[in-house]
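Participant: The structure's right below; bear with me while I get my questions together.
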Amino acid sequence: MTELSQIPLAGVIGYPVAHSRSPALHGYWLKRYDLKGHYIPMAVEPQNLERVLRTLPDLGFFGANITLPHKEAILSIADVITDRAALIGAANTLIFRKDGKIHADNTDGSGFIANLRQNAPYWDPAAGPAAVLGAGGAARAVVAALIEVGVPEVRLVNRTRPRAESMRQDFGAKVVVYDWTHVGEMIEDCATLVNTTSLGMTGKADLPLNLDRLNQACLVTDIVYTPLKTQLLIEAEDRGNTVVDGLGMLLHQAVPGFERWFGLRPVVDDATRQAVLAA
Ligand code: ATR
């Protein structure tokens with residue numbers, strides 16, 4: 001019989017954590033590939049986060065995903081932080097290294113791009129500016145990734161303008177801040193439009209955005225995935241724009257962690273989507 005200590009363990013740490021789809025996703029992949037391993041949801045209060053993280057490697061954990069409210073706080077606990085996690089100011093994927101060090105990375109941005117590449121293969125980020133709605137944690141990951149893949153300009157608009165201004169300072173001259181009153185002209189010649197706010201989510205108001213001036217070649221995507229088709233995506237699709245929903249970002253951001261902990265790079269396909277939606 002295999003010793004428990006030889007079976008790779010990983011999990012997601014949040015507070016609360018019951019809403020997380022990560023256990024369903026990793027559990028599905030473990031079963032699909034017939035791998036030994038367990039992925040466990042862990043509700044950890046902020047004051048216990050560091051103690052729990054320092055204990056997990058001894059229990060056989062190879063790493064963990066980090067979700068709300070710990071994604072920023074983890075940076076002051078981790079021993080090694082990737083450049084992109086530092087720039088974003090948050091991490092979502094931890095590797096517990098053999099030397100005892102906790103390595104923190106942020107895979108939200110690469111997951112965002114992988115989702116677009118998979119579902120809109122003709123999308124060319126360099127074809128024009130990208131319009132990004134929102135300036136929270138998710139926006140920071142999205143903007144970092146868009147700049148990395150070569151967008152010529154990121155146009156940011158946020159309800160609270162100082163938050164967008166502070167992103168401009170962190171991300172540099174490619175970021176231009178707009179007011180909501182000018183959002184029509186902001187989106188006019190964009191190649192990409194991304195909603196990173198929570199607006200459009202089930203139970204929340206829809207985005208107050210008029211798409212009349214949006215050009216038809218613009219790819220429209222939302223990081224919200226409940227509902228899968230937000231009002232933004234429905235309206236954009238009605239106009240003939242290519243749209244990509246946010247579920248794929250959630251699935252793709254999980255790939256690097258799974259590969260590292262369980263030793264196999266999992267695919268993201270329709271069966272994966274269905275497994276997570278059914279959970
Ligand atoms: P996340 O880490 O998921 O991005 P967040 O940091 O709380 O979460 O950011 C949420 C984003 O949604 C922010 O851009 C927020 O705008 P503010 O910076 O002005 O708070 C935006 N948002 C949330 N509710 C909103 C609303 N009712 N109207 C407009 N924007 C809203």
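Glycine residues also receive a Cβ, built from the backbone N, Cα and C atoms like all the rest.
Nobody curates TrEMBL annotations by hand; they come from automatic prediction.
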Participant: Do you know which of N92, N210, N241 TrEMBL groups with S20, R21, S22, T67, D108, Y225, Q253 in the shikimate site?
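Facilitator: Same shikimate site in TrEMBL: N92.
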Participant: Give the subset of the binding-site residues T67, N92, N158, T160 lying near ligand 1, defined as CB under 6 A from any of its atoms.
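Facilitator: Near the molecule: N158, T160.
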Participant: Give the distance between the Cα atoms of S20 (shikimate binding site) and K71 (active site, proton acceptor), rounded to the nearest whole Å.
Facilitator: 14
Participant: Please determine which of the binding-site residues listed here (G137, P162) has the lowest count of neighbouring CB atoms within 10 Å.
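Facilitator: Comparing Cβ neighbour counts within 10 Å for the binding-site residues G137, P162 gives P162.
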